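Beneath this line is the structure, given in structure tokens, with notes to follow.
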Amino acid sequence: MPLSSVFFTMVVFNNLCLKYLDVAFYFVARSLTTIFNVVLTYLILRKKTCCKAIACCGVIIAGYITSVLQENGLGTLSPLGLFYGLSASFSVSLFSILTSKRLPYIGGSVWRLTFYNNLNASVLFIAGIAVTGELTELQHLPHAFSYLGLFFWSMMLVSGVFGFAISYVTTWQIQVTSPLTHNISGTAKAAAQTILATIISLHFRSVLWWLGNCMVVAGSVAYAYVRHKLALKEHQHQQGTSTDGDQEAPPFETVAIEKDNSSGEH
């Protein structure tokens, strides 16, 4: 249930972030996921981060501050949207780490974890709708037998299928890689979304705004590179240790002969 609760907050804060902020700024608002990943990895998994990786996080934070200041200068920055973006980043990092910890408890089954997680989240969403008083909004939805209603519910069905598929792929990616890899790939996807959103919506952005975005991307890529190098180094160290431990013992006959010779000398 804790994992489903985090998943619930992640979806809610993501949507609220998109509601209050421009879609082009969504990537920057969510860019602190890597920072939260470093902090939560230390607090939950008790794993420390090297100085080079922390320096990369500093670049991400500098890019984040630069973009926030530029967005504020354009008059399109919402403090509430910024808060939801930070909350979404925290939820995404916590969700990936908890997913990595919970998978072994169900035998590593991605299907089971995805099913249980979405089932619990559905209950939480229904409870959330009731608490916020949005049940009355259901009567304003288009009827299924009208053309508009058929289109609306078809799109809702398609989005539900894709949502489940994304949830499965997310869990599977965390299982076969790591929470860090999942967060880095999400950062790359969000960067591509920012570029497409800016082009499609024809929004003008200053050079410093783009510089802040580039700093976030550069810091994220550098962080991934540093962690990748560390992972390779640890893997080579483990292989070296296992190789040393797997040295073949001398044959029994050789040992017996050496023992007899030493006895004969005495």
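Sequential numbering from 1, following the chain as shown.
Note: Cβ is positioned from N, Cα and C throughout, glycine not excepted.
According to TrEMBL, the compositional bias 'Basic and acidic residues' annotation covers 256-266. Marked as domain 'Sugar phosphate transporter' by TrEMBL: 2-223. If you look up TrEMBL, you'll see 236-266 marked as region 'Disordered'. Sequence annotations record features per position, and here TrEMBL assigns transmembrane segment to 23-45, 52-69, 81-98, 110-132, 144-168, 207-226.
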Handout entry: Cβ contacts the transmembrane segment (207-226)/the transmembrane segment (81-98), at least three under 8 Å, sequence gap 6 or more
Key = no
Problem - Interface-richest range of 23-45, 52-69, 110-132 toward the transmembrane segment (81-98), CB pairs under 8 Å - result: 23-45
Fill in the blank from the handout: Sequence-distant contacts of the transmembrane segment (52-69), meaning Cβ under 8 Å and at least 6 residues beyond its ends, amount to 25, 28, 31-32, 34-35, 38, 77, 82, 208-209, 211-220, 222-223, 226-227, 230
Fill in the blank from the handout: Averaging pLDDT over all residues of the domain 'Sugar phosphate transporter' (2-223) gives 81
